[in-house]
C-alpha cells in the first residue's frame, strides 16, 4: 500500500477514534493499525498535544480570572501564571545590546507583553524586578532527575527566585527562564509558575559567594573585580542559588551563600545588586571544602584504627 494512502487511512482512523471516545463508544480501528509503530507514534503525539492544550487552557482560565478580579489595570498586568521553558540562544540579543551572550549567565527572563505595560504604567524605579515562584499544589513536585547536572544545581531547592526582564516577546501564558533558575527551583519544561512584578526587594550591601572549583582563584588574578563586572548582568541575587559567569572562554559556577541589605546590614533572602554599592567576599571553594572534609574523615579513621 502506498505510504501516502496508509498515512491518510491512519489519520482517518485516529480522528474516528477521538470522535468515538468523545461519544463514549468504542473506536472501530483495525487492531493491526492500532498496534503498528506508526499508529503508536501518532497516538502518542496526539496525547501530548491534548495534554499541552489542557495545560494551556488551565493557565488561560486562571489568568482570565486574575484580570477579571483585579482592581486596577496595573494590578491586572503585574502578575500571571505561566508555563515555563528554558531560555536558549534564540533569545540572545543582537550584538551591541547589553545582554548579548549573557542569556544563561544573567538573571533575565522572557515574559509576555503585559509586564511591559505594567512597568510603563507603574512608573517603577530600575531595576525592574520579577519574582518567579513555584505554585503549591500546581507546580509538579520537586523530583530529582539524573539529567540534571548536580555540579551546577543548588543542594537545597528554592521556592522562589527573583530576576529581571530580558524581553517581552514570550507568547501569552509562557515564560522562558535561564537554566540556572530552573535548576534552582527544580523546574522541568512546561512546569507552571507564578510570575509577578516585585518592588519590595531591598538594596544589597554585601554578598558572599562560594566558587565550585579552586580553578576560580587559580585562573583569575583579581576574582573580585571580575565578579563585580559580571554582576552587571544580574538585577538581583537570591540566597541559595547557583549562578554562572564566563571568563576567558571558561564558565565558572558560584553559590550565593549570604546576602545583606541596607540600611544596617541585616541578612536577606534577596537583594538588588544593580545601582548598589555592593561589597563581595569569597568563601572556600566547594572542591577544596570537600577535599578537606574527606581528609579529616580519613585521619579520624586512621586514629580509630590505631587505637584498636
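Any Cβ shown, glycine's included, is placed from N, Cα and C.
Quick caveat, the model's predicted, so the values are computed rather than measured.
Of the listed segments 255-281, 282-308, TrEMBL assigns region 'Disordered' to 282-308. Residue counts of the domain 'Ubiquitin fusion degradation protein UFD1 N-terminal subdomain 1' (99-199) by helix, strand and coil are 18 helix, 27 strand, 56 coil (DSSP-based).
Averaged over the domain 'Ubiquitin fusion degradation protein UFD1 N-terminal subdomain 2' (204-285), the predicted model reaches a pLDDT of 92.
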